[in-house]
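The annotation coiled coil is assigned in TrEMBL to 256-310. According to TrEMBL, the transmembrane segment annotation covers 6-28, 40-60, 90-111, 126-148, 207-240, 332-355, 375-402, 422-447, 475-494.
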Amino acid sequence: MGDFNLALVIVAIVVCVLVFIFNIYLLINYQHPDDVNQAYFPKFVVVLGLSIAAISILMLPADVANRQACRHAIYNGACKLTLPMKDLWLAVYIADAILVFFVIPFAMFYYEGDQDKSVGKRIKSALWWVITTAIVCALVLGILYGLVGKVDFTVRHLSSGTASFPSSWDFSSGQPCVGNGVRQCSAYSASPSSETTWSMRATFPEYVVALATIVGSVLFTIFGGVGIACLPLGLIFSFIRRPKAVITRSQYIKEATELGKKAREMKKAADALHQEERSGSKGRKWRKNVKAVEKELLLLEDDVKALEEMYPQGEKAEAAWAMTVLGYLAKFVLGILGLIVSVAWVAHIIIYLLIRPPLSAFLNEVFIKLDDVWGLLGTAAFAFFCFYLLLAVIAGAMMLGLRLVFITIHPMKWGATLMNSFLFNVGLILLCSISVIQFCATAFAYYAQATAAQEIFGHTLQSLRGIKYLYKYNVFQIAFIVLAGLTFVYYLAFGWRRKKPSGRFQLSS
């Protein structure tokens, strides 16, 4: 037992270090050239946020492994656990909430501040917005915690008579209690009147985590439901829409000329918006136009990339075309694998969560059998399914951002991602990571039973006054499945078409 505990601690430390190094690698390779050797505070926030999000996802498998240290104990308190998981959960998610609601907004306000202003004025402006947000959040949290910050557990009142210790036991379905009293001691035969509600005050950290989970659950349901379908289907239909052959030089010149015209039109529109910003007329119409131009610019960049793929140039043109073909084949293979995972997720939600009683434990049994094959195989598969949901959230946010004007798009591109886009996506990942953990703790309750995550996200959260009905009636799971189904139908109907800008900036046919 001691060797197992030591191994768990070593693995936890090594994984945390590897996560931190990997996130630094992502930052260096995804950052925009304009942010090189500057914007150090936003970069620190990005690395910290990504690390906390990744560690929080990995903590659920660690929680399961931590509980397995006591699998031979008669009851949970019969042995000392390796890691204080409940305290770690609360610490990670309080840090998560602070980053999402205070630190990341401050970094974004500071980074996006008017570059003509001094550093002091930009810090002052960012602090003003963050302090205002903090006051509003503190008031809302305090009022809600004071009024409805309680958990209501449904319990049965059972009792029994007493008797001298007998030489033999005469229990039966007709006589389940000790003694001949009329009191009830069997939950199966107890009358409905024995059911009552036991209320108690939730701890403030647990309540903060619960409310953050609700906010994250709304975003996770929308973006995750759309993303669970569009993530694999987007890769598959990207292969279907791939360039089939290299175009001629005359076609390339024609398309490049059209793209040049679009670029000049967009520059003119961007200059006009910049003039409006400097004059102080930043109303709703201005913000709407800015978002429209940003989306048109993103689609224009995609057009340029597509044109470069269709007409590779230079000494290594043939090698570049071969890599393009292999890249689309890789997308197709990954799309097929992703589709299998998405179908497994949707089937598991329906079979295990929506149907009562569950038809099967499904993925829970798969993870348990993988653990029997090799100790960490089931844990690794468990972590992969949780991470896949986070990838689905990002994919869903990208898809809706391209099609809905009121959603700001923040694309992540290799070597071309600005810090504000980094910060936005890190905030979205952090906010949704809480809900992903809660969702996985519920979906894999059989595999993750008796863990600290189950105690926080299974019992306390689902019994909170005013919130429990969202989980009692599976509101989030049903909405998740509905959005996934609608997205699947959308891709079957329109996914084969090439994406086109919504405005006048269109690639000539």
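Glycine too: its Cβ is placed from the backbone N, Cα and C atoms.
Counting only same-chain residues 6+ beyond the ends of the transmembrane segment (126-148), those with a CB under 8 A from a CB of the stretch are 101-102, 105-107, 109-110, 113, 204, 207-208, 211, 464-466. When Cβ distances are compared across the two stretches, the transmembrane segment (475-494) makes no contact with the transmembrane segment (90-111), since fewer than 3 pairs at least 6 residues apart fall below 8 angstroms. Two recorded stretches are said to be in contact when at least 3 C-beta pairs lie under 8 angstroms, sequence spacing 6 or more; the transmembrane segment (90-111) and the transmembrane segment (375-402) fall short of this definition. With a threshold of 8 Å between CB atoms, the same-chain residues lying at least 6 positions outside the transmembrane segment (422-447) that come near it are 27, 30-31, 42, 45-46, 49-50, 52-53, 56-57, 59-60, 64, 93, 96, 99-100, 104-105, 107-108, 111, 209, 212-213, 215-217, 219-220, 223-224, 348-349, 352-353, 361, 363-365, 367-368, 378, 382, 385-386, 389-390, 393-394, 397, 408, 410, 412, 453-454, 457-458, 461, 471, 476.
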